[in-house]
Each structure stands twice: as structure tokens, then as C-alpha cells.
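A.B. asks: Below is the structure I would like to discuss, written out as C-alpha cells.
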Amino acid sequence: ITSAVVFDILPLKLHPFSQSTPTGLDCVGWKRRISSPVITDGALDKTALTDDVGSEEDLYEDFRSSNHRYGHPGGGGEQLAINELISDGSVVYAEALWDHVTMDDQELGFKAGDVIEVMDATNKEWWWGRILDSEGWFPASFVRLRVNQDEPMEDYPLKVEGGKEDDSSSGTRRFGMGQTTKDQMRTNVINEIISTERDYIKHLKDICEGYIKQCRKRADMFTEEQLKTIFGNIEDIYRCQKKFVKALEKKFNKDHPHLSEVGSCFLEYQTEFQIYSEYCNNHPNACMELSRLTKVNKYVYFFEACRLLQKMIDISLDGFLLTPVQKICKYPLQLAELLKYTNPQHRDFKDVEAALNAMKNVARLINERKRRLENIDKIAQWQSSIEDWEGEDVLVRSSELIYSGELTKISHPQAKSQQRMFFLFDHQLVCCKKDLLRRDILYYKSRINMDDMEIVDVEDGKDKDFNISVKNAFKLHCRESEDLHLFCTKKPEQKQRWLKAFENERRQVQLDQETGFSITEVQKKQAMLNASKQHHTGKPKAVTRPYYDFLMRQKHPTLPTTLPQQQVFMLAEPKRKPSNFWQNISRLTPFRK
């Protein structure tokens, strides 16, 4: 399943199931014979369940030889639904989410906001489409299907920014054979929000009742830890979404859908939606665990039997587990579309506008938390590269490297100056000394608790506290002990960067407190364990790739030009903007590339 194309955009036709669907999942793995259980159209053969005794291998071979698409690329209901529309003569439009720049004459280039006519969606990663007189292949994950498929391309605004059309004068448009207005378009969007929410609830129910419930009955196959890894907190999401859809339906005006006031529902649940952060962070682990289990035949059969018993569409479990990730990213897109067709005089306009911003913030928060959790492995690796480390691990209090660089530290009482490397994390500043011969080796020296510190900007000239002349200096003043730490940089601009970094550190700490961001003890221990394993395998002590480059890639993921992006969580245009900031850091780092 392609992450940017959510399969609940269009209603899917469920495959017909016969009355001989296998019963008794507790028999999975036993010597029970099911002959030819699945035929090519997705329906079960009426003679599927028999009492012939056979091995698990025979059972799996029946599934494999029946041309069933479980776990194979190219399968999935969304391609079927789209191609059914195309084959029926319907015109299917998609809107570009990001620029697709290509030098290949077989590919279709476009810009974000362009509307593409989808002509062939047989392949799940690359679709064939047309813009005006140009045709070609394009990555399916770069687009989303339009809600109002009947709206003509010539009347569709080329750009949408902030949820408003460029052509605000087009209050009335024609589509199909009749006359339409913004109200009718708003009706379409409202109906789409309600219907996809109901479909999503059914997906969550199917996962909880069709998979998790059955897995818990098989303690011989799954531990609780495995189930937590595979399904994450999807049961919490299911409970939250059930309350959310009830709130939506209360606000839904069945007689006049365009008068529905749904914006307040999103505002009410914006905090609850933050539970998606835990799920999105765990999703890569779920994929790895599923991949490991499905290498064993009995697990492939068990998961498929779960799907058949629950009468779910022909999509594998990993596809269903992707839906919450897709859903939380889809809310801002739906709200932007809703705002576009909501008149400023509408009673719901301000709430929809606020809801759009709120859901964008939720998505940003989820992305930021995901990035931070991915960074803790790098921090653990960095610490393992430091010689003579003392005291608690960095991860005990910190999860983000804010800034680093070389400073001259001046200490009492003789005002002795020392060149040291400093690493500013949230909550602490770590001091290291470079090796005299190998400058890429660092020795731990000390650390400063930033929670107790006050930053003092020092003017050039003689400092009264240390009784020496200083230039480009600043102090760290401890509020409790009254201790003073004096630092100097080589250039004024370096001093300004450090002062800005200290501001960012305090801002980061405050934001973490407000959003409740934290790293579990299990995640910290696992990161340190992974770093320790890498160190003991004989890898060089010095980190071979700067940690800062890793941070830059995480903040600004670049979309590929030759292969479609499989998972894109960012809502902003994911392009990396060159900055001298990171170059300056790289020159200050003690690491070799």
C-alpha cells in the first residue's frame, strides 16, 4: 500500500465470501487440511474446509498455489477501486502533494497543486497519468485522489494555500450536467469526512476484533510483548476514534450537510489525537516484527485466516496497520479542502480554520517526536565514542543535541584558560577534551546542569568577577550555588550562535514540558545496548559520520526522483534548504567523515 494514497478515499467493494469460511482459529497450525481455500476472484470455494489430515507445509502450499495476493506487491483494494472507475469510463483526478521533477521522458513532471488525470493505477507505486497534452508515469505517493471527482479541471484552482483558493471569485461552478455552488462542494467534502471516518472505525474494529482478539487466544504463538510491538496502542486509538465519530455525527446535518459545523469536533479532540505519536513511532518496529513472523508458514496462514473470518478486504495485515499513520496525515488535507468550500460568513468557518491549524500542529508534533526518538540511537553512539565517560548516561536527562563547538573555558581562581569541546543538549552542557595526537578522539571532562543556569552576556573588556580582559565572552551563572563559568569564542558571530543556542535549549525544554514529550526507560536502555553492541564488534571508536548531518536529514527528508517515497509523514514541502549553519557546525566537530 502506498502511504500517500489512503484506501478509504473511495468506497471499496468487499470480496464475496462463501458460507464455508474457515472457523476455529484455535486450530491454526494443527494438522487440519484446507484444500484450495481461495480462488482468484477472492471468494472461497464451497469445499474449502475438509477434515483431511495434512501438514502445515501442505496447508501453506494451498494458499501459495491459489494465486492469493496476501503479502505480495501489487495486491490491495485501492488499486482495484481506482481501476474499476477508470475501466467504467469515469475520469479519476488526483492532486499533486509535492513537486515531481524528472529528466526521464517516460515520467510525468508536475508541481505541487497540479491536477493529474489518472489513466492507469494497476501498479501500486507508479501510476500513468496525463496533464494537458503530456502523459507519463508518476509516483502514486506524490498525489492524493480528489474528493470532488466531478469538478472539471479547468475550474480547479492551480494552487491552494492556507486552505483558500487563488480564484476567490469563482463562487459558482458547473460540473456534470447540473449547476453547483460552494455549498454543494462543501456537502461533498462533509460527506467524505463522515463516510471515511465510519470506514476507518470499521478498519480499527476489524483489527482489534479480527486480529488482536484472536492473537491473544494463541499464547503459544504470540507473547504480550510481541502483540504490543505489532499493534502498538491501536486499541486506544480505536476507543478515541469511536468517541470522535459520535461527536462528528452529532454535528452532521443530514438534511443540509453543507450547514454541518464539524470544525469544533477537531478542536475538541486535538489533544487526544496526540496518542497517534506513540503509534507512528512504533510502526517501523511493527513492520519489522511482522516481516520476521511471516517468514514462518503458520503465521502467514494464521493472519490470513483472521482476515477471512472477519470478512475484511483483500489487504495484508501490514496494510491495515498503516491506516492510522495515513489517517492522522489526512486530516489536515480534508480540513484544507473543507475550508476551501466554506464561505467566510459560514458559522463553521472560524472553527474549521482553527481546526486546520490545530491538526497541522498535531502532525508536526508527531513528526518531531518521531525524529527525536530516532535521534536517541545517535546520541547513544556518540556517548559510546567518548573516552573516560563518568556519571549517568546523556539519555537519562536529554534527547536532543542543540548545538556544539569549541570554546575557551576560564576557571577560578587563577583564571586558567582551557580549550574544550562543548555539546549542548537539552538540560545539560557536556565538556570534552580533544586527544593531543588524534583530534577525532574525545575525553569526557565534566558537565553543567542547564536547569540551574542563567546566561549572562559579557561586554568586551575587563571582567570584574575574573579580573581579566575578555572578548566575545559570556557566563553561565548558577542560581543556587552562585558558581560562575566564563567562556570565550574566537569570533563575535560564534558568540551570538551560542547565545541563540542557549535560548533554543530553554525553549525546547519548555516545549517538552507542555507537550509531555518523554523517552521511556526501555527506549533509553535499548539505545545504549545497541550502541554498546556496535562498539564491541570492533568498529572504530570515533563516530564516522557527523551526528549533525543525521539531524539535518531527519528534519528535512528529501523525496527521491527515481523511486517513489514509501512513507511520508511531513505535510510541509519536504525540500532541504541549504544553510551555512550546518557547515559551520561540521567544521567545529571532532568527527571524521
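Every residue, even glycine, has its Cβ placed from backbone N, Cα and C.
Sharing the record's features from TrEMBL:
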type     : residues : note
DOMAIN   : 89-148   : domain 'SH3'
COMPBIAS : 156-167  : compositional bias 'Basic and acidic residues'
REGION   : 156-178  : region 'Disordered'
DOMAIN   : 185-369  : domain 'DH'
DOMAIN   : 400-507  : domain 'PH'
A.B. asks: Please average pLDDT over the domain 'DH' (185-369) for the predicted structure.
C.D. replies: 91
A.B. asks: Per DSSP, what is the helix/strand/coil residue tally across the domain 'SH3' (89-148)?
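C.D. replies: Per-class counts: 3 helix, 29 strand, 28 coil.
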A.B. asks: Counting by DSSP secondary structure, give me helix, strand and coil numbers for the domain 'PH' (400-507).
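C.D. replies: Taking the domain 'PH' (400-507) as a whole: 19 helix, 59 strand, 30 coil.
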